[in-house]
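Report on one structure; see the data block that follows.
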Amino acid sequence: MRKEFTTQKASPEGQPDASASPPFSERAVWRPMGNGWQPIFGSFKGEGFSLEWHDFQAERELDWGASFHPDSVEICLNLAGEGYVRHGLQQLNFEPNTVAFYHRARTPLEARRAAGQRHRFLTVELSPAFLRNHLARAEPVLHPMVRAVMAGQPVHQPFGVRSRLTAAQRQMVETLRRPPVYAAAQDVWYRCKVVELAVVFLLQPAPEDELFCTRQQRIAQERVERVIALLKQNLASPPTLEDLGRQVGCSPFYLSRIFSAQTGMTIPQYLRELRLERAAELLRTGRYNVTEVALEVGYNSLSHFSQAFHERFGCCPGLYPIQTPVQSKARETRPAHSPPTDLPAP
């Protein structure tokens, strides 16, 4: 199905307003990314929703906000890369494996994607009409911002709550990219999936109305968020599993189970990712050598650090700050099962 990416202000009678500004288009924003921007399904102007997949290496900071449709609520399921959306003094930060939503009125939001990172995320754009048509019966438990958008009221807080993607939600992203249905059924299938995403992420019931299972999921997510924060605070000497359990108020066994369910990784695997991402960040500054970076993030062996870094980023840490576009492309397409090269520590 061909997707249309323009919106145009209409008169009260539904006819185009001759005095309106040129139709909105986000193509110019994503054109430099080439195949890194892939419309999946839908039409914001037509059906009132659209799904888009993004996978690109940002060589410089990207003005992401220029792609937000006017009068839209957009859900962003962020698998990789860091960014933010800002409105005045309010800011919504995206980290890897997080999800949040935001509303762009007629005035653009400021939003940026960080330079020097690979960004992988799915966006779901929803029009007020689509929300009214499909979520009207759920209005009492919708997020206040979504209710205001549906009612055509001014929105003073355009950001929803950020949460961490669960393993099931990350798998949903892959399913949306490769629908398991015939082409003739995709229109119905995608519409149902978009409504499902809206129900999952746009609801915010009052505490007294919260279901038991929902409360348990929220508490588990809060514990996982706390564990991640504790790991980030001390990458070189992280707390033990027992210490983490005591600090978040549950047993080590239960903590391990909910952490894996929420993130799709064990705590040691997640710690390794945090260490390597921080190492890459330090190397990009050009102010530290490989030995300093390895020690800073908790590696006592340069050979182990070099091997882990090569597996994660596709090049040895000594070359990472000055890698070429060819190396970047090789890193993105490198098979996950390829054995690491035994490189000497610089």
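We number each residue from 1, going along the chain as drawn.
Backbone N, Cα and C atoms are what each Cβ position is placed from, and that goes for glycine too.
Note: TrEMBL annotation is automatic and uncurated.
Listed features, source TrEMBL:
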- 337-346: compositional bias 'Pro residues' (COMPBIAS)
- 225-323: domain 'HTH araC/xylS-type' (DOMAIN)
- 1-26: region 'Disordered' (REGION)
- 327-346: region 'Disordered' (REGION)
For the domain 'HTH araC/xylS-type' (225-323), what does DSSP give as the number of helix, strand and coil residues?
-> 70 helix, 0 strand, 29 coil
What is the pLDDT of the domain 'HTH araC/xylS-type' (225-323) when averaged and given as a whole number?
-> 90
